[in-house]
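Feature annotations, courtesy of TrEMBL:
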REGION    B:1-62  region 'Disordered'
COMPBIAS  B:9-49  compositional bias 'Acidic residues'
COILED    B:129-158  coiled coil
REPEAT    B:437-470  repeat 'WD'
């Protein structure tokens, strides 16, 4: 999670890479959202480099907490189009290169 | 039961049938019991019977002792005999019944599915990067704003005090100057909003029923004008401003001389602001009349109850008059009943005429710094001088109550008196009446010249009558009885044959002689008959409205319905004629019906010539 200079772009002296969890889109209630983001951070930090395990952990956690069927996608590059139950979507970035999408349907 | 206890074998025999023949069994039991009872009764009877000889008793006892021994056998015999009776031991019939089956019905319920939405996005590394970048910048910006805000707060708390102190001084200065003007504008705007409906009525509402009533019209009440400080006063005079057609003058005084009021006021209202007068001149005596100069529409001259006359320049100040008659030497000795600006003198000095109950008509000239008074005429009654208390001869004067100048010839004027006479006078002759009309029996309240034909004028009096006069003719052309004291009468500015009058009864009468020569085309009670009395009336020179004043200091605006203001239609052959000529023609036509022919021609002469 340390800030590292990006090697690709050297135009400016320092290209900062930000690693804090950044919520891109969510329609969850504010409290829920913060809680879920915390799970995501925990899971991704626990399984660095193992997206599948991280996703599995998040999904299980979510199912337990908010009732099944939750779906979780963790990855660096993907596209999606999904239907979700309202107030149950979170799309966030984390660690500078991970995108996590959680929804219930 | 006894039996069952005594005879278990028999019961055993019956065991298999027992449950089914339960009712039978009970019967048998009852039978047994009855038998037993009978036996016992028999025994008792025996006891009660006349005592048998003692030796017999042992005999009787013996069978008793034996009885128990016998009874089981007896019972056994009996049960043993039953099976015969119980041939139909299964004495029951099988019956079946089926309850009604309710019809089945299927019903389905489906919950609404949880609301769904779709969402789509593409995750790419650069998207993630950009998102972070944007977010970071936003955060940075937020921090800066926060800093600025904190600085401002600090600054504002330190600077605020001196600013406020300076503001107070500035504000008071500004109020005296231009802020007042702004407030006036604001007041008007608020009034425009709060009186929109009335304004719309005024603008657009024409009584639709007028189309179906040929000879009648109505008056629509619009705004009411009141001023809190003059609620107890009577409206003693009303007049529209000659320049601003929405502005009018209202004089507040009193007519009920039993209850004098100490002060008076002149208020200038505008129909654009019905809530408060635009100009208020408070005076120390009741105001009985006022007039606005036709050229300088800010010059207001006032006649008072105590005989004084005041000139206000409302543009400069409403507090102090610019001219005031001397309260001791230079004043009327009676109520100033009507006051009129005269045409300016050759030197450009303003002057006005006033009539008063002391029987004088005065001309006042506004000199450099004083009012110069000139008595034009003393209205002596046309009768011999009477002896005063100390023997001196004393000529009686009539009390003037109204004055009207001829619109075309300013030298000629009419004076109405409380004796009911109308004097036609000229400013050139100070002791001569050109003509005296014995018009009414009670004081004349107001007179008015017709706008189209200057020879025609109208007078209203407290003797309930309104009369229309022709110059040089001592008898009235028309006379109308209105059933109560007539406070004011005015010709309409838009028509030569329409006039309106108000009575103490609280009614407004509108006449159109062209339509009906005998009856009013509109009679409408404007105020409540018991509480209010109407005193004065004025036609707006431009708009189709009139204002009427009552004795509670209230001025009501009334809109004339279309039937009350029908314009003249030009005849087919004379389409080129304008409205003025048409109105004059209309009146002339009407007058020719009432006037005597001026000269009688001799038809015989002309007839003879033609024959030849």
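Residue numbers in this text run from 1 along the chain shown.
Using the three backbone atoms N, Cα and C, a Cβ is placed for every residue, glycine included.
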DSSP on the repeat 'WD' (B:437-470): how many residues come out helix, how many strand, how many coil?
0 helix, 20 strand, 14 coil
Tertiary contacts of the coiled coil (B:129-158), as residues 6+ beyond its ends and Cβ separation under 8 Å:
none
Please average pLDDT over the coiled coil (B:129-158) for the predicted structure.
85
